[in-house]
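TrEMBL annotations:
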TRANSMEM  7-31  transmembrane segment
TRANSMEM  43-61  transmembrane segment
TRANSMEM  73-94  transmembrane segment
TRANSMEM  100-121  transmembrane segment
TRANSMEM  142-164  transmembrane segment
TRANSMEM  176-197  transmembrane segment
TRANSMEM  323-345  transmembrane segment
TRANSMEM  357-384  transmembrane segment
Amino acid sequence: MRKLFQIIFYIQLILISILVIVLTIRGFVYAARSTNHFRPEKWYPPLLGSAASAGIVSYLWEWISFHDPSKAIKIAFCVGPLLTCAVGILHILIGCPISLAIGTIAIISSVIQSLYTCWVKPRFDYATKILTVSTSFPPDKTATFVILSIITCLVYSSFLVTGIGGATAAGTGLDILFIIVILLTYTWTMQVIKNMLYVTISRVRYMNFACGADMNTWIAFRDTVQHLVGRVCIGSAVVPVIGTIRGSARAMKSVVGGTDEFLFSCADCYSRLASTLITYGNRWGFVHVGVYNKGFMQASADTWGAFKTAELIPLIDSDLTGAFCFFSGVAVGSICTLVGGTWALAIHKSYATEVSIYAFFIGYFICRVALAWQQACVSAYYVAYAENPQSLQFDATIPVRIQELLQRYNV
């Protein structure tokens, strides 16, 4: 499977590159015709400008979250919903049917985000502590890896944008299909880039937490590139799907409660399915992929088993690191949408909707890549603690939190 996924990943990179080059050339040919209404000088600048904004804001946000986690967490959860609401208002101002639908969804989403923020606010202090203790001594050359990753994502995103612009110039049904394929492969590729960094950093931090050893980050990255690409590709395809299923199952179970026996039964069945899937596909498995060179599903099962043995599942379920990274990605994506969408709205209104959508994708994924090393440090901390809770490498952060959860459940 790992060889198959590795081959598929490299083949799709080659094919998408060829497709983008062909679409770009064809797009400029179409734009040169007097009868064509596509204006590249008004389509590309807003989108490329929003991509540049994504790189700058993502790096600044990564810097803030590392140096002041408490402030970063509060900003992500409190300001993020406001930015999402602003995106909804922008789309309503654009006025076309698709924009009105997107605007309505964005405003509803901002309300849901706000309610979620109110619900998890008591967990902010622990989220700050676990993020601080796990990233207090970052691996060497971390800043270099983050900058190189952001630059790589920017170059790749800009390259695909040229192809999307070429497809937009023609505007046929087949071109719409090409755009969808480009966006899907872009999503997978960005996940792979993020998780390559995730596996590298989590391996280095795990060795420090578990053994007190310092490992060279470049060596860890070289090993990841040479031996683990296939496993990372599998995890990058599986984890987002399973994470979405499990998140929706937990939300459904919370909403349904015990008010209706039939709905409760359906929600419970769905929750059990999600709990089974998460055992064989979770982001903590990337730690064992890097450290022990395991297959992704085996690594996921082993780390989840370690959490069960150490009775850390409630703690893992209440951890806000993943939600913090998600809210950060949405916030940066919203900023890029506001930059690109407002720019396009000012110079060519008919381009505003699509530019806004593409800008959000770029901003979201580049931010997730920038924060991947911090999420990897937290995952390495949890996995190392689960395997040896008595180690002197750990302070009282997790035991104190476990006691707080036990007191809350007993009450």
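Quick reminder: no glycine exception, Cβ is built from N, Cα and C everywhere.
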### Query
So which residues does the transmembrane segment (176-197) touch in its own chain, when a touch means Cβ under 8 Å and the partner is 6 or more beyond its ends?
9, 12-13, 16, 19-20, 23, 145-146, 149, 152-153, 156-157, 160, 163-164, 167-168, 221, 224-225, 229, 232-233, 235-237, 239-240, 286, 361, 365-366, 368-369, 372-373, 376
### Task
Tell me, please, if the transmembrane segment (7-31) and the transmembrane segment (73-94) are in contact, taking contact as 3+ Cβ pairs under 8 Å between residues separated by 6 or more positions?
no
### Query
Most CB pairs under 8 Å with the transmembrane segment (43-61): which of 73-94, 323-345, 357-384?
323-345
### Query
Counting only pairs 6 or more apart in sequence, are there at least 3 Cβ pairs under 8 Å between the transmembrane segment (142-164) and the transmembrane segment (73-94)?
no
#### Entry: Chain residues in Cβ proximity to the transmembrane segment (73-94) (below 8 Å; excluding those fewer than six residues from its ends, i.e. six or more beyond)
64-65, 100, 102-107, 109-111, 113-114, 116-117, 120-121, 124, 127-128, 131, 320, 323-324, 327-328, 330-331, 334-335, 337-338, 341-342, 345, 349, 352-353, 356, 360
